[in-house]
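Feature list (source: Swiss-Prot):
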| type | residues | note |
| --- | --- | --- |
| DISULFID | C26-C74 | disulfide bond |
| DISULFID | C40-C89 | disulfide bond |
| DISULFID | C43-C127 | disulfide bond |
| DISULFID | C51-C105 | disulfide bond |
| DISULFID | C55-C107 | disulfide bond |
| DISULFID | C110-C117 | disulfide bond |
| CARBOHYD | N30 | N-linked glycosylation site |
| SIGNAL | 1-17 | signal peptide |
Amino acid sequence: LQGLLLWLLLSVGGVWASRGPLRPLCRPINATLAAENEACPVCITFTTTICAGYCPSMVRVLPAALPPVPQPVCTYHELHFASIRLPGCPPGVDPMVSFPVALSCRCGPCRLSNSDCGGPRAQSLACDRPLLPGLLFL
(Lines of atoms letter the chains of each structure in order from A and count residues from 1; the text may use other names and numbers.)
(Lines give C-alpha, C1' and ligand atoms only; values in the text may rest on other atoms or scores of the structure.)
Protein backbone atom coordinates (compact mmCIF):
# COMPACT_ATOMS: atom_id res chain seq x y z
CA LEU A 1 0.00 0.00 0.00
CA GLN A 2 2.85 2.42 0.83
CA GLY A 3 4.46 1.71 -2.55
CA LEU A 4 1.17 2.47 -4.32
CA LEU A 5 0.76 5.74 -2.40
CA LEU A 6 4.32 6.77 -3.19
CA TRP A 7 3.84 5.97 -6.88
CA LEU A 8 0.56 7.93 -6.94
CA LEU A 9 2.15 10.92 -5.23
CA LEU A 10 5.13 10.95 -7.58
CA SER A 11 3.05 10.51 -10.72
CA VAL A 12 0.62 13.30 -9.80
CA GLY A 13 3.55 15.55 -8.85
CA GLY A 14 5.20 14.81 -12.19
CA VAL A 15 2.03 15.75 -14.08
CA TRP A 16 1.66 18.95 -12.07
CA ALA A 17 5.33 19.89 -12.56
CA SER A 18 5.17 19.24 -16.31
CA ARG A 19 2.51 21.92 -16.79
CA GLY A 20 5.24 24.51 -16.80
CA PRO A 21 8.07 25.55 -14.53
CA LEU A 22 8.10 28.90 -12.81
CA ARG A 23 11.08 29.92 -14.93
CA PRO A 24 11.18 29.92 -18.74
CA LEU A 25 12.60 26.79 -20.33
CA CYS A 26 15.91 26.77 -22.21
CA ARG A 27 15.53 28.83 -25.40
CA PRO A 28 17.26 31.46 -27.54
CA ILE A 29 16.89 34.99 -26.15
CA ASN A 30 18.24 38.39 -27.15
CA ALA A 31 21.13 39.64 -25.03
CA THR A 32 23.43 42.64 -25.13
CA LEU A 33 27.12 41.77 -24.94
CA ALA A 34 30.33 43.78 -25.09
CA ALA A 35 33.39 43.41 -27.33
CA GLU A 36 36.75 45.08 -26.95
CA ASN A 37 40.42 44.67 -27.80
CA GLU A 38 43.21 46.08 -25.62
CA ALA A 39 44.80 47.72 -28.66
CA CYS A 40 41.58 49.46 -29.83
CA PRO A 41 40.25 52.68 -28.26
CA VAL A 42 36.57 51.76 -27.75
CA CYS A 43 34.32 48.99 -26.49
CA ILE A 44 31.23 48.12 -28.55
CA THR A 45 28.00 46.70 -27.21
CA PHE A 46 25.92 44.58 -29.55
CA THR A 47 22.73 42.54 -29.35
CA THR A 48 22.81 38.89 -30.32
CA THR A 49 20.98 35.67 -29.51
CA ILE A 50 22.22 33.46 -26.66
CA CYS A 51 20.86 30.36 -24.91
CA ALA A 52 19.27 30.91 -21.51
CA GLY A 53 16.59 29.42 -19.33
CA TYR A 54 15.65 26.57 -17.04
CA CYS A 55 16.75 22.97 -17.51
CA PRO A 56 15.09 20.28 -15.37
CA SER A 57 17.56 18.61 -13.03
CA MET A 58 17.69 16.00 -10.30
CA VAL A 59 19.54 15.82 -7.00
CA ARG A 60 19.93 12.72 -4.88
CA VAL A 61 17.87 12.94 -1.70
CA LEU A 62 19.82 10.30 0.20
CA PRO A 63 23.60 10.45 0.43
CA ALA A 64 25.23 7.78 -1.67
CA ALA A 65 28.70 6.52 -2.46
CA LEU A 66 27.97 7.25 -6.12
CA PRO A 67 29.31 10.37 -7.86
CA PRO A 68 26.94 13.35 -8.11
CA VAL A 69 24.36 13.39 -10.89
CA PRO A 70 25.55 15.71 -13.72
CA GLN A 71 23.32 18.77 -13.91
CA PRO A 72 22.22 19.83 -17.39
CA VAL A 73 22.72 23.42 -18.51
CA CYS A 74 21.06 25.47 -21.24
CA THR A 75 23.52 25.37 -24.13
CA TYR A 76 23.75 25.76 -27.90
CA HIS A 77 22.16 23.12 -30.11
CA GLU A 78 22.63 24.91 -33.43
CA LEU A 79 24.65 28.07 -33.87
CA HIS A 80 26.55 30.12 -36.37
CA PHE A 81 29.23 32.74 -35.90
CA ALA A 82 28.95 36.43 -36.74
CA SER A 83 31.63 39.12 -36.63
CA ILE A 84 31.81 42.80 -35.86
CA ARG A 85 34.54 45.31 -36.60
CA LEU A 86 35.87 47.42 -33.74
CA PRO A 87 36.31 51.02 -34.92
CA GLY A 88 39.51 52.99 -34.49
CA CYS A 89 41.94 50.08 -34.21
CA PRO A 90 45.50 51.01 -35.20
CA PRO A 91 47.09 49.48 -38.31
CA GLY A 92 48.34 45.95 -37.73
CA VAL A 93 45.63 45.15 -35.15
CA ASP A 94 42.85 42.79 -36.23
CA PRO A 95 39.63 44.78 -35.62
CA MET A 96 37.31 41.77 -36.09
CA VAL A 97 35.60 40.05 -33.14
CA SER A 98 33.65 36.82 -33.73
CA PHE A 99 30.85 35.58 -31.48
CA PRO A 100 28.31 32.73 -31.50
CA VAL A 101 24.68 33.36 -32.46
CA ALA A 102 22.22 30.80 -31.09
CA LEU A 103 19.83 29.34 -33.66
CA SER A 104 18.42 26.74 -31.25
CA CYS A 105 19.16 25.61 -27.70
CA ARG A 106 19.02 22.40 -25.67
CA CYS A 107 19.56 21.16 -22.14
CA GLY A 108 22.74 19.11 -21.93
CA PRO A 109 26.06 18.70 -20.17
CA CYS A 110 28.24 21.76 -19.77
CA ARG A 111 31.03 21.88 -22.33
CA LEU A 112 33.50 24.58 -21.44
CA SER A 113 34.72 24.61 -25.05
CA ASN A 114 31.57 26.44 -26.19
CA SER A 115 29.60 27.46 -23.08
CA ASP A 116 29.90 29.63 -20.02
CA CYS A 117 28.54 27.27 -17.37
CA GLY A 118 28.58 29.77 -14.53
CA GLY A 119 25.58 31.48 -13.02
CA PRO A 120 24.27 34.97 -13.67
CA ARG A 121 26.79 37.78 -13.61
CA ALA A 122 26.42 40.82 -11.39
CA GLN A 123 27.48 42.97 -14.35
CA SER A 124 26.72 41.68 -17.83
CA LEU A 125 28.67 44.40 -19.65
CA ALA A 126 32.25 44.82 -18.58
CA CYS A 127 34.20 47.29 -20.68
CA ASP A 128 37.57 48.70 -19.72
CA ARG A 129 37.51 51.11 -22.68
CA PRO A 130 35.02 53.91 -23.49
CA LEU A 131 31.67 52.49 -24.59
CA LEU A 132 30.27 52.85 -28.13
CA PRO A 133 26.72 51.41 -27.86
CA GLY A 134 24.10 50.33 -30.26
CA LEU A 135 24.93 47.54 -32.74
CA LEU A 136 22.31 44.89 -33.48
CA PHE A 137 23.28 41.46 -34.87
CA LEU A 138 20.66 38.70 -35.00
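Just so you know, glycine gets a Cβ as well, placed from its N, Cα and C.
Since the structure is predicted, the reported quantities are computational estimates derived from the model, not experimental observations.
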### Message
By a 10 A CB contact count over all chains shown, which of the disulfide-bonded residues listed here is most packed: C43, C55, C74?
### Response
C74
### Task
Going by Cα-Cα distance, pick out whichever of the disulfide-bonded residues C26, C40, C127 is nearest to C107 (disulfide bond).
C26
### Message
Most Cβ neighbours within 10 Å: which of the disulfide-bonded residues C89, C105, C110 is it?
### Response
C105
### Separation of alpha carbons, C74 (disulfide bond) and C105 (disulfide bond) (Å)
7
#### Entry: Candidates C40, C55, C74, C89 (disulfide-bonded residues) - the one closest to C127 (disulfide bond) by CA
C40
### Query
Tell me, how many other CB atoms lie within 10 A of the CB of N30 (N-linked glycosylation site), whichever protein chain they belong to?
12
### Cα-nearest neighbour of C26 (disulfide bond) within the listed disulfide-bonded residues, C40, C51, C89, C110
C51
#### Entry: Spatial neighbours of C51 (disulfide bond), counting only the disulfide-bonded residues C40, C43, C74, C89, C110 and Cα distances within 10 Å
C74
### Query
If you measure from the Cα of C110 (disulfide bond), which of the recorded positions N30, C40, C55, C74, C89 is the nearest?
C74
### Message
Give me the CA-CA distance between C55 (disulfide bond) and C74 (disulfide bond), in Å, as a whole number.
### Response
6
#### Entry: Candidate nearest N30 (N-linked glycosylation site) in space, where candidates are the disulfide-bonded residues C40, C43, C74, C89 and distance is Cα-Cα
C74
